[in-house]
Amino acid sequence: MAQPAISHPRSVPLSIPVRDVLPWAIFAGVLALALIYFVGAEQGATSLISGDLVHEFVHDGRHLLGFPCH
Amino acid sequence: MVKNLLVRGMLAGLAAAALALVFAWIFGEPQVGAAIALEGHTPHGGHDPVATVPEAGADDGPVSRTVQSTIGLAAAVGVYGVAVGGIFALVFALVYGRLGAFGARATAALLAVGAFVTVSLVPFLKYPANPPAVGHPDTIGRRTALYVTFVTIVVLLGVGAVLLERWLARRYRNADAAVLAVVAFLAAVTAAALLMPGVEELPAEFPAGLLWRFRLASIGTHALLWSGMGLFFGLLAERLLTPSAIRANAPSTV
C-alpha cells in the first residue's frame, strides 16, 4: 500500500502501484458503466427491461446530460 | 488506499451532482417543459402537451411530469454523479504522482478539466444535447452509437495527449510540452469530428432561442458537475494522501 512522500513538502508524491488499482478499476469501472448505461441509454437505443419506465423516469436528466433520448 | 479513494470519489460525485442538480432544475427544467409543450405534433408515447401543466394530475405516461422533473431528474443526475465519481477516483489513483510534481488537489483539478473537455465539452460540440421534440425516435440507435463512439474516441485521444505530454516533457520544458500536447489534441479531435457523420434532425420550426437556452443549461450542468468533482474530490483526497503536518507546513501546496 503506497504512502505519500513525507520527506519534504515539495517532493513529488509517490504514485499508487498499478497492480493495486487494477482490480478496483475493472470491478468498479464495469459497475459504473452499467449505471451510466441505465441513466443514458436503457429503453432508448437498446432495451434490457421491457416497457418505458426507466426511460420516462430518467427522461429529463437524460436530455440535460446530453444523451440522445428520442 | 484505492478502496478509500473510490469511496471518496463516489461521495464527491454525489456532492457535485447535488450542485449540478440545482443548476439543471433552475435553468434546464423550464426549457425541457417548453420543448415538451411544442411536442404535441410529434407522435411519441409518454409526451403530451397537456402534461406540461405539472399540477392537474398530469399522468400521461408511466411517470408524470412532476416526477420526471424532480425525483427523476435528481435520480438521473445523482446516479450519473456517483458513477463518474467512482471512475474519476480510479483514474486519479492511476495518474496521481505520475503527472509531475502535482499534489492531490492540483491533480484532481487537472483531471476534472480533462474530464470536462473530453467527456462533456468536445462531444457536446459535435453532438450537442437536444431537448424533447428534437430528433426522430427511429434514429435513436444510430445517434446513441455515434455519441458513445465519439466520446470513446475523444477520451482515448485525451489519454494519448497526456502520454505525448509526458514523453515531450523529457525533451522540452514542461510548458512547451503541455502546449504541444494541447495543440496535437485539438488537431486530432477536430479531424475525428470532421470524419464522424453529423446528425441533422432539428425541425425547421423549432425556436432557436429555446434550443440555445436548453444547450446552455446542459453544458452548464456538466461544467458544474466536473467543477464540483475536482474541488470536492481534491479536498477529500488531500486529507487521505497528505499527512496533516505537511498540509500545515505548506498551505500554498495545492
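Here the Cβ of each residue, glycine as well, is placed from N, Cα and C on the backbone.
All annotation found in TrEMBL is predicted automatically rather than curated by experts.
TrEMBL lists B:71-96 (among others) with the feature transmembrane segment.
Within the chain, the transmembrane segment (B:108-125) has long-range Cβ neighbours (under 8 A, six or more residues past its boundaries) at 84, 88, 91-92, 95, 99, 102, 147, 150-151, 154-155, 157-158, 162, 189, 193, 215, 218-219, 222-223, 225-227, 229-231, 233-234, 237, 254. The transmembrane segment annotation in TrEMBL covers B:108-125 (among others).
Feature annotation from TrEMBL assigns transmembrane segment to B:145-165 (among others).
For B:177-196 (among others), the entry in TrEMBL reads transmembrane segment.
Positions annotated as transmembrane segment by TrEMBL: B:216-237 (among others).
When each of B:71-96, B:145-165, B:177-196 is checked for Cβ pairs under 8 Å to the transmembrane segment (B:216-237), B:71-96 comes out on top.
Outside the transmembrane segment (B:71-96) by six or more residues, the chain places 1-2, 5-6, 8-14, 16-18, 20-21, 24-25, 29, 63, 104, 107-108, 111-112, 115, 119, 162, 221, 225, 229, 233, 237, 241 with a CB less than 8 A from a CB of the stretch.
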